[in-house]
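Student: According to TrEMBL, the protein carries these features:
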type: TRANSMEM; residues: 37-59; note: transmembrane segment
type: TRANSMEM; residues: 71-87; note: transmembrane segment
type: TRANSMEM; residues: 93-111; note: transmembrane segment
type: TRANSMEM; residues: 118-139; note: transmembrane segment
type: TRANSMEM; residues: 145-162; note: transmembrane segment
type: TRANSMEM; residues: 174-195; note: transmembrane segment
type: TRANSMEM; residues: 207-225; note: transmembrane segment
Amino acid sequence: MVSPVTVVKSEGPKLVPFFKATCVYFVLWLPTSSPSWFSALIKCLPIFCLWMFLLAHGFNFLGASSNARKIFAGLVFSALGDAFLIWQEQGYFVHGLLMFAIAHILYSSAFGMKPVNVTAGLVVTAVSSVSYLLLYPYLSGPFTYLVAVYIGLIGFMGWRAVAGLQLANDLWTWTKLCACLGAVLFMVSDLTIAVNKFCFPVPNSRAIIMATYYAAQMLISLSVVECQDAEGARKRA
């Protein structure tokens, strides 16, 4: 198992642009009431940096690891979703929802279907169901089923990420922990979006949404680092 210290030393420098771009977003804090291509660029910049983070491991890495390619593709669709959500009040909210739904499908595929971990599945299903039941009275029109489908997809992604951790059996790795935490933070971010949009204003909602979102995407990106470490170990053997 790759140690946390090794991960930080190896991957930390590659994540510096991401942290800088995230700081730029929070320092500028451009008003959401005036959407523009510049505000879209600033919002998407940290995700672009995560593209570069994965590309920094080399094209051979992406070519050899299907999971890394799926995470990379998920980041591409996430950036498109971010851009659409800049203009959500102009009618592009559903477009953003679709982009992130595709990203969750890609992330789920990257996390895989083994181990199944029925307990984790039941817990995530319960959380997802309660979330939808709380939102349901505030939903109308197509959002009644669109939100249901989206919650199902992100819940499935969360299940697959949590299922891979296996803390009880001591079969976990640092990168699987990253996937688990990333998925949970993504669910927190999206639930905050839903409550704030459909139910009632959440205090400091934008800060909560974006902080958890950027952290989630970073952790999910880190979840494929172990693929490269495993490949390197096989070559040395």
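Note that Cβ sites are derived from N, Cα and C of the backbone, with glycine treated the same way.
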Student: Please work out which recorded stretch in 71-87, 93-111, 174-195, 207-225 has the most C-beta pairs separated by under 8 angstroms from the transmembrane segment (145-162)?
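Tutor: Per the Cβ under 8 Å count, 93-111.
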Student: At a threshold of under 8 Å on Cβ distances, which of 71-87, 93-111, 174-195 pairs most often with the transmembrane segment (118-139)?
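Tutor: Checked against 71-87, 93-111, 174-195; highest Cβ contact count belongs to 174-195.
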